[in-house]
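Participant: Right, I'll just put the structure down here and ask away after.
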Amino acid sequence: MAVHACGAAAAVVALLSAAIALQWSPLYAVLQRALSLHTAHATKDMENLFQLVRNIVPALTSKKHKGQDGRIGIVGGCQEYTGAPYFAGISALKVGADLTHVFCAREAAPVIKSYSPELIVHPVLDSSNAVEEVEKWLPRLHALVVGPGLGRDDLLLNNVRGILESTKARDIPVVIDADGLWLVAQQPALIHSYHKAILTPNHVEFSRLWEAVLSSPMDSNDLKGSTLKLSQALGNITVVQKGEQDLISNGQQVLVCNQEGSSRRCGGQGDLLSGSLGVMVHWALRAGPEKTNGSSPLLVAAWGACTLTRECNRQAFQKYGRSTTTTDMITEVGTAFSRLFTT
């Protein structure tokens with residue numbers, strides 16, 4: 001299943017119709033019908049994707065206990081970067097996770113704690129036994145988000161390497177972003193063929209990953225094809241290339257998320273995406289293929305998180321314009337989620 005924008009087809013029809021409408025009306029009618037069918041198919045694909053995301057969203061019921069709808073771990077946060085793990089963690093809670101744990105460096109912990117009393121903060125990431133400390137919590141977690149605010153300190157990266165190995169051994173889904181992607185670019189074997197991994201690179205991060213695993217030059221005119229090829233080169237893991245359109249591939253198909261956002265790009269909105277995706281991938285895997293109509297649960301989760309992030313951006317921009325920040329976007333999570341995915 002793929003969703004394609006129909007803007008290109010519309011432009012072609014607009015250019016040709018002026019030349020042929022008067023003299024070749026049958027051809028004009030054919031072109032108009034082609035555009036109509038293209039638009040109808042794109043709209044149907046979009047509606048199907050929205051429904052698949054709605055299918056994985058758990059019902060709110062008094063029969064559940066705390067933790068069932070998501071216990072998410074965020075791995076990141078160092079002296080320089082404390083906002084990113086907070087953004088990812090609080091976004092996970094706003095989307096609907098019950099509990100969020102942040103595993104960060106000791107110096108980052110008091111700052112992150114001060115941002116929100118709702119996050120459970122573990123100041124262990126720069127300790128000599130960081131892997132063992134995080135391993136103790138892994139059986140309680142449904143998904144990990146690795147990379148927000150991580151930085152590139154050798155000790156932290158080495159500890160995260162061990163955490164990723166332990167995560168794979170326990171078959172826990174993992175979303176990798178930011179400097180977690182830098183680590184993967186240095187050692188692609190860390191996540192190669194791990195089908196519960198999702199990478200969320202921006203353009204620069206995507207190019208770095210491409211250079212690390214593919215010898216051929218990247219075709220900047222075929223971003224969908226490039227996303228597909230990078231996923232295949234990494235063993236068909238899910239890749240989300242963020243950009244003007246978000247392109248999502250598991251090496252077999254490509255989904256396109258072109259939900260309206262805004263022209264404002266503020267630092268931290270990728271953390272909103274990764275935190276949201278951590279929750280949604282848990283929901284999608286728990287729901288299973290029967291709820292995703294045979295589609296990859298990870299693809300459905302990724303498309304849902306991308307769509308939500310773009311809608312938060314749109315809503316915040318309508319209110320704040322150029323001054324929009326990620327904090328403003330996070331405030332919109334509840335209304336955006338209801339607008340998109342609540343029936």
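Cβ coordinates come from backbone N, Cα and C, glycine included.
Below, the features straight out of Swiss-Prot:
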BINDING   G149, N202, H203, V204, E205, F206, S207, R208, D271  (6S)-NADPHX binding site
BINDING   242-246, 261-270  ATP binding site
DOMAIN    49-340  domain 'YjeF C-terminal'
MOD_RES   K63  N6-acetyllysine
MOD_RES   Y81  phosphotyrosine
MOD_RES   S216  phosphoserine
TRANSIT   1-42  transit peptide
Participant: Sorry to bug you, but what's the C-alpha spacing from S207 ((6S)-NADPHX binding site) to G270 (ATP binding site), rounded to the closest Å?
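Facilitator: The separation of the Cα atoms works out to 17 Å.
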Participant: Among the binding-site residues E205, E244, D246, D271, point out the residue whose Cβ has the most other Cβ atoms within 10 Å, with all shown protein chains included in the count.
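Facilitator: Comparing the binding-site residues E205, E244, D246, D271, the most crowded Cβ belongs to D271.
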Participant: Since the record lists K63, H203, K242, R264 as recorded positions, which of them has the fewest other Cβ atoms within 10 Å of its Cβ?
Facilitator: K63
Participant: Could you tell me the mean pLDDT over the domain 'YjeF C-terminal' (49-340), as a whole number?
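Facilitator: That region's mean pLDDT is 97.
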Participant: Greatest CA-CA distance (Å) over the residues G149, N202, H203, V204, E205, F206, S207, R208, D271 that the record ties to (6S)-NADPHX?
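Facilitator: This binding site's residues have a maximal Cα-Cα distance of 20 Å.
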Participant: Consider the recorded positions Y81, S216, K242, S262, R264 and say which one has the Cα lying nearest the Cα of E205 ((6S)-NADPHX binding site).
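Facilitator: It is K242, whose Cα lies nearest.
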Participant: Mind checking which of S207, S262, C266 has the fewest other CB atoms within 10 A of its CB? They're the binding-site residues.
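Facilitator: Each of the binding-site residues S207, S262, C266 was scored by Cβ atoms within 10 Å; lowest is S207.
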Participant: Based on Cβ atoms within 10 Å, give me the single least packed residue among the binding-site residues G149, G268, G270.
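Facilitator: Selected from the binding-site residues G149, G268, G270 on minimum Cβ neighbours within 10 Å: G268.
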Participant: Name the secondary structure element type, per DSSP in three states, that contains D246 (ATP binding site).
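Facilitator: In the DSSP reduction, D246 (ATP binding site) maps to strand.
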Participant: Near Y81 (phosphotyrosine), which recorded positions out of K63, D246, G268 have their CA within 10 Å?
Facilitator: none
Participant: Check the DSSP secondary structure of C266 (ATP binding site), expressed as helix, strand or coil.
Facilitator: coil
Participant: Between K63 (N6-acetyllysine) and D271 ((6S)-NADPHX binding site), how many Å separate their Cα atoms?
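Facilitator: Cα to Cα, K63 (N6-acetyllysine) and D271 ((6S)-NADPHX binding site) are separated by 31 Å.
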Participant: Which of the recorded positions listed here (S216, K242, G268) have a Cα atom within 10 Å of the Cα of H203 ((6S)-NADPHX binding site)?
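Facilitator: Near H203 ((6S)-NADPHX binding site) by Cα: K242.
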Participant: Whole-number Å only: compute the distance from the Cα of S262 (ATP binding site) to the Cα of D271 ((6S)-NADPHX binding site).
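Facilitator: Checking the Cα atoms of S262 (ATP binding site) and D271 ((6S)-NADPHX binding site) gives a distance of 17 Å.
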Participant: Report, as a single number, how many Cβ atoms besides its own are within 10 Å of the Cβ of the residue listed as 'phosphoserine'.
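Facilitator: The residue listed as 'phosphoserine': 8 neighbouring Cβ atoms within 10 Å.
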